[in-house]
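Q: Below, the features straight out of TrEMBL:
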type	residues	note
BINDING	58-62, 124-130, 155, 254, 309, 351, 418	(6S)-NADPHX binding site
BINDING	59, 120, 158	K(+) binding site
BINDING	388, 389, 390, 391, 392, 417	AMP binding site
DOMAIN	10-212	domain 'YjeF N-terminal'
DOMAIN	219-475	domain 'YjeF C-terminal'
Ligand SMILES: NC(=O)C1=CN([C@@H]2O[C@H](COP(=O)(O)OP(=O)(O)OC[C@H]3O[C@@H](n4cnc5c(N)ncnc54)[C@H](O)[C@@H]3O)[C@@H](O)[C@H]2O)[C@@H](O)CC1
Ligand SMILES: Nc1ncnc2c1ncn2[C@@H]1O[C@H](COP(=O)(O)OP(=O)(O)O)[C@@H](O)[C@H]1O
Ligand SMILES: [K+]
């Protein structure tokens, strides 16, 4: 699991830890990690051309110290100081003592063009708002590919907002980010995360001083533990029955895909509710599913997945499913029938356009501020909100968030959302909490998309669905029931 903390939490932890250490020791831990990564990225440190972009704060200090150490190992180090009179004094002294040279503004472009490695130490967790002035110009040169070197961001790409993943203005786009102590939202939530490149976490001993993270990124081991595990005495009912209210004459495929997702999420049975013409298609593809015309007719379930491809009608059926007092997952067209607030367990799975409509804002605004809007909707409807897209964010009404790390744009194709709705609904029926069902569902779905892309290039929703059993098998290992 990657833990993500806020700037406020990091500052408090750093303060507590620094009180136990000699002055400057914490920065030296960060610098040691940074130098290790840089040395690995360079094809030999001796003779390498390293350019530092150093701002006024400790982030610039880290970069100057690191360049000093690389210079002592034979690198040719140059630094561009964005605020020369406020540059980190010890870092600058070390840099100069190691033979590092300062670059005048007029020489910055040439230095970047010849660099093997560029250290972005303009702003770290103290950064607010986008880059301005020379900093914005330099970031523009890097973006335009005016350096042949690897761009390594110190702690986070300068100019992105640390706590929100927003990009309020000009910012650096890095190839690598060496980050200290703990994760930051900017490193895992788009659009900022897209600027971070490959992440290299460096342990500086902060963990004992940090609180329980409110924002996390699950990994394989976390998800394996959360997956429902049929016990020896399980039967198809005790494993959970999931009802799927999806599809329509216009979108029958949504029902087929959602039922397919539901069949692979661990529930013991899938009951499909919908018109006979759609039910016929569902049965033809999935003989193991049971079908009925409406939520009432279909029989008892432990959770409902509602909405994928429903089209305009069937408001009564949606109300019946949402009013049954059971855990519910609401997707796509079902989102038009939300109650004022949920009183029971609920997961909403909008994409950015759907969430924008729900909140009465522009789609671009949701995409620019994913964490903010997912959290806002989770509180507004008292439901877990799984906001789909380039970073899928799962927000709980209590403020906890999980960011899905497995997503892939290979999943950006029609019908994949239907698979996810069925899958996560099945996990809900299997007894997972809405927060777990949403985040585990997104994780498995992303892995299935990646596998499908690996074997078919441009996978369809059906290709991703076909990979789900293999994904679940590899995560569960050989555990088998009972
Ligand atoms: N506190 C510590 O002991 C440690 C700090 N570390 C480093 O220190 C960094 C934080 O250092 P600071 O708190 O000095 O903060 P920063 O280095 O992020 O910079 C803060 C400075 O930039 C200015 N500033 C903020 N936004 C700006 C903008 N948009 N344009 C121009 N100037 C802007 C601020 O007024 C302030 O002078 C971390 O990211 C990390 O790199 C590491 O060395 C680990 C240890
Ligand atoms: N750029 C992207 N990167 C990663 N995942 C994406 C991207 N765009 C879409 N997705 C994923 O693809 C799926 C699409 O779902 P959705 O928009 O509901 O499509 P549909 O309704 O056609 O099934 C979601 O899981 C979403 O997270
Ligand atoms: K930086």
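Each residue, glycine too, has its Cβ placed from N, Cα and C.
Quick caveat, the model's predicted, so the values are computed rather than measured.
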Q: If the criterion is a C-beta within less than 6 angstroms of any ligand 3 atom, which of the binding-site residues 59, 120, 158, 388, 392 pass it? List them in sequence order.
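A: Near the molecule: 59, 120, 158.
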Q: Taking each of the binding-site residues 128, 351, 388 in turn and counting other Cβ atoms within 10 Å of its Cβ, which one has the fewest?
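A: Counting other Cβ atoms within 10 Å of each of the binding-site residues 128, 351, 388 gives the minimum at 128.
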Q: Counting distance between Cα atoms, which of the binding-site residues 58, 61, 155, 390, 391 is nearest residue 120 (K(+) binding site)?
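A: Comparing Cα positions, the closest of these binding-site residues turns out to be 155.
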Q: How far is it from residue 390 (AMP binding site) to residue 351 ((6S)-NADPHX binding site), counting Cα to Cα, in Å?
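A: For residue 390 (AMP binding site) versus residue 351 ((6S)-NADPHX binding site), the Cα atoms are 10 Å apart.
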Q: Using C-alpha atoms, which one of the binding-site residues 158, 388, 389 comes nearest to residue 58 ((6S)-NADPHX binding site)?
A: 158
Q: Sort out the sequence-distant neighbours of residue 155 ((6S)-NADPHX binding site) for me: same chain, 6+ apart, CB within less than 8 Å of its CB, listed by position.
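A: Looking at Cβ-Cβ distances below 8 Å from residue 155 ((6S)-NADPHX binding site), excluding near sequence neighbours, one finds 30, 59, 62, 124, 125, 177, 178, 179, 180, 184.
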Q: Inside 10 Å of the Cβ of residue 58 ((6S)-NADPHX binding site), count up the other Cβ atoms and send me the figure.
A: 21
Q: Check the Cα-Cα distances from residue 417 (AMP binding site) to the binding-site residues 61, 128, 158, 351 and tell me which is shortest.
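A: Nearest by Cα distance to residue 417 (AMP binding site): 351.
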Q: What same-chain residues, at least 6 away in sequence, bring their CB to under 8 Å of the CB of residue 389 (AMP binding site)?
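A: Sequence-distant Cβ neighbours: 190, 351, 352, 367, 370, 407.
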Q: Let me make sure I understand the structure: which of the binding-site residues listed (391, 392) has the fewest other Cβ atoms within 10 A of its Cβ?
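A: Checked 391, 392; of these binding-site residues, fewest Cβ neighbours within 10 Å: 391.
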Q: Name the one residue among 158, 388, 392 whose Cα is closest in three-dimensional space to that of residue 61 ((6S)-NADPHX binding site); these are the binding-site residues.
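A: Out of the listed candidates, the nearest Cα belongs to 158.
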Q: How big is the Cα-to-Cα gap, in Å, between residue 392 (AMP binding site) and residue 158 (K(+) binding site)?
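A: Checking the Cα atoms of residue 392 (AMP binding site) and residue 158 (K(+) binding site) gives a distance of 23 Å.
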